[in-house]
Amino acid sequence: MTSLKQQPPHLLRGIPLAVQNLKKAFGTREVLKDIDLHIPAGQFVAIVGRSGCGKSTLLRLLAGLDKPTEGQLLAGSAPLDDAREDTRLMFQEARLLPWKKVIDNVGLGLGGNWRPQALEALEAVGLAERANEWPAALSGGQKQRVALARALIHKPRLLLLDEPLGALDALTRIEMQQLIEKLWGQYGFTVLLVTHDVSEAVAIADRVILIEEGQIGLDLLVDLPRPRARGSHRLAALEAEVLNRVLAIPGSPPDPEPFSPLPTQLSWAN
């Protein structure tokens with residue numbers, strides 16, 4: 001298995017994504033409507049919107065957990081399904097197996113001499129010294145770091161994040177944001193982050209996409225240097241622009257987004 005530090009340069013590049021005329025309906029309810037989107041290789045994109053707007057459905061389609069009703073999902077010019085081995089997904093829950101030690105959770109499903117790479121992945125997220133502990137001994141933030149290490153060991157070119165920081169306290173959340181941003185800069189994968197937190201979106205993403213009632217309502221480039229100064233006037237202005245647009249959407253209580261049961265075999269961060 002190739003070490004994270006020894007990846008050939010072409011593997012340090014993210015996957016370019018193209019979403020064309022995408023629709024997703026559950027019965028008579030159309031959740032996504034004619035989504036067209038191009039994401040360059042290595043871009044960090046945050047997807048925001050009210051609950052039930054369709055953002056998590058979009059991520060599930062990109063992850064291959066659901067199939068579009070209409071439209072195409074492409075990795076460059078090839079079907080996105082061809083890039084599943086290069087794709088990893090993280091959820092709000094770390095989904096660690098409590099009967100396996102931390103390092104074994106990172107190497108879950110791998111064969112051969114995977115332990116050095118698992119330890120290297122844990123080192124990348126700052127948890128190498130906890131490798132032989134049980135998940136129950138970890139905090140919520142540490143468990144998410146393990147889930148991130150479990151994704152990194154597979155050298156992903158596309159990382160899909162479905163509100164992985166939503167259950168963390170404010171300080172731990174900022175630390176995890178900074179870690180994800182650092183690793184993204186180091187490894188160059190393409191990132192799509194679904195989040196309810198607009199401040200999080202503008203703080204770490206290159207681009208913020210607002211989903212309104214199943215359509216793209218705003219596509220905002222965050223053209224600010226990194227690392228970004230939290231609380232700066234320019235960052236606050238961008239956050240206000242997105243929030244004002246979100247709050248301008250009629251606030252009738254949305255239906256929860258439908259979803260299909262998870263398949264038995266799933267490449268989340270494992």
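Cβ from N, Cα, C; glycine included.
Following the DSSP three-state reduction, the secondary structure of Ser56 (ATP binding site) is helix. Take the CB of Ser56 (ATP binding site) and look out to 10 A: across all protein chains shown you find 20 other CB atoms. For Gly49, Arg50, Ser51, Gly52, Cys53, Gly54, Lys55, Ser56, the entry in Swiss-Prot reads ATP binding site.
Look at Swiss-Prot and you will find 17-238 tagged as domain 'ABC transporter', backed by sequence analysis.
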Check: Tell me which residues of the chain lie with their Cβ under 8 angstroms from that of Lys55 (ATP binding site), as long as they are six or more apart in sequence?
Finding: Ile47, Val48, Gly49, Val194, Ile211
